[in-house]
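A.B. asks: Features from TrEMBL:
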ACT_SITE  515  active site
ACT_SITE  563  active site
ACT_SITE  572  active site
DOMAIN    112-585  domain 'Glycoside hydrolase family 9'
TRANSMEM  74-96  transmembrane segment
């Protein structure tokens with residue numbers, strides 16, 4: 001009889017009961033089998049059988065996790081670490097939840113943003129006419145509600161509103177129009193920054209107050225006009241005249257009772273083209289208000305056509321405007337106004353005019369000279385060159401505009417080079433203020449305009465992925481331009497030898513005797529007549545009313561400043577100066593990464609081009625151009 005069993009080493013075992021072998025023989029045979037089996041590799045189970053029960057009590061050095069085998073020590077360390085981490089995480093979470101939370105708000109606004117809030121308030125204080133309820137200047141009230149009606153010699157009877165120019169109550173259209181153009185330009189480029197500062201609606205209200213008045217100064221519903229109301233009020237006191245007017249008298253605007261003549265012009269190309277620029281730029285600001293935007297565009301076209309048809313300077317012939325805001329030329333306004341009308345309408349005829357080489361030549365684009373590159377209420381060439389360089393940087397319209405646009409672009413680069421300290425185009429005071437008007441009085445209005453152009457052009461280059469520009473063989477980064485703008489604005493805000501902020505209400509040390517009638521006369525329910533206010537003009541006491549945000553005329557070429565009310569060359573603010581201030585401040589305010597709005601200014605151009613892409617033939621194109629009011633500028637008109 002035989003029995004079959006399972007060999008634990010892998011094979012069958014046969015046991016024969018009739019086997020005659022002795023026990024010793026069987027033992028030796030099994031020992032031989034054991035040695036044969038041990039010569040083969042053993043798995044863990046087989047080893048446990050071989051070692052017997054006493055060996056299983058020994059600790060394993062490894063842990064089998066199924067997919068991997070790891071060291072027992074590492075396993076224990078890992079598990080322990082996870083447990084400790086979980087306990088610590090729980091404790092931290094408990095602490096965070098139980099400790100009172102301190103919510104951190106936005107970081108405090110920078111100095112440029114703080115100054116921006118104040119600079120805009122100056123325009124509230126300069127408003128003429130019936131004031132809105134939210135004007136927020138407690139010492140101001142309704143004033144000059146009979147402007148236009150009080151002058152029997154003018155046909156324009158409603159000239160209520162607008163802005164007083166400076167420390168007087170005269171309304172000068174020429175610098176006021178420039179101020180509105182600059183404000184609109186800054187909004188078009190930096191609306192996001194205005195929004196971040198909470199001032200977008202405010203600045204738009206300021207612009208609209210100005211453009212509403214400009215629309216009153218001519219027949220804005222007509223396609224052609226023959227006159228413009230250029231000025232309301234008179235300031236001439238030459239020859240010892242004692243006739244009451246806006247300069248002879250020192251009165252609060254609310255108390256004015258003397259006649260306010262209206263100065264009309266019938267040949268005023270500079271004024272009309274500047275008004276066209278203001279209205280056209282504002283139409284882009286208010287593009288979401290279609291009816292008002294179209295009204296502004298129509299008005300801009302009308303006054304620009306008048307500027308082209310009736311040639312002449314508005315301040316010619318020793319007129320009252322010539323004493324205060326004398327215009328040196330109207331060619332720069334043609335380039336400036338033409339550029340803004342192109343952006344507002346997309347009509348290429350305006351671009352053809354603005355980029356005509358003869359017009360550029362007449363405007364002084366190729367002259368150079370000591371005042372080249374200085375943007376002001378009188379000369380807009382530098383602004384027009386930057387504005388048209390923008391077109392080349394972002395749209396590059398090509399032929400037939402490329403040659404003159406490249407010239408303007410190169411000239412803009414040269415202007416930017418002239419602002420840098422390493423060049424000698426302009427001197428600087430010991431305190432670092434650039435002398436753009438070569439040491440003459442009232443320097444700050446020119447400085448803020450330059451700071452705006454520098455910061456803006458820097459942002460243009462950044463938006464065009466251009467790291468900088470060349471001044472001769474040397475390359476300068478865009479940061480250099482921005483640094484120039486910052487150093488100049490920092491000087492104005494108090495980083496100067498006198499530690500004086502030239503913006504009223506900003507900082508702890510600013511002018512207290514500002515040359516300004518309304519701010520210098522207390523609101524005490526007493527009406528001071530023409531001469532009665534002289535005592536306030538001549539008083540050594542600080543102004544009873546703070547003209548918040550007013551940028552005064554500024555220091556002299558030695559960084560000196562006299563805080564004297566009667567010295568307007570130091571202490572008088574102006575609309576044009578504050579507009580440049582606002583523009584420069586918003587350009588430098590907030591986060592640099594916000595940058596400019598590349599596309600809004602081109603919106604009309606895109607719309608205009610898209611219309612003509614869908615025209616079927618030349619006849620329909622001609623008809624569409626006619627409907628758009630396309631003006632065909634001939635060679636004679638350019639000269």
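Any Cβ shown, glycine's included, is placed from N, Cα and C.
Quick one: where do these features end up spatially?
C.D. replies: Around residue 515 (active site), the same-chain residues at least 6 positions away in sequence with a Cβ under 8 Å from its Cβ are 166, 167, 552, 565, 566, 567, 568, 571, 572, 573.
Counting every protein chain shown, 16 other Cβ atoms lie within 10 Å of the Cβ of residue 563 (active site).
For residue 572 (active site), the number of other Cβ atoms no farther than 10 Å from its own Cβ, over all displayed protein chains, is 21.
Averaged over the domain 'Glycoside hydrolase family 9' (112-585), the predicted model has a pLDDT of 97.
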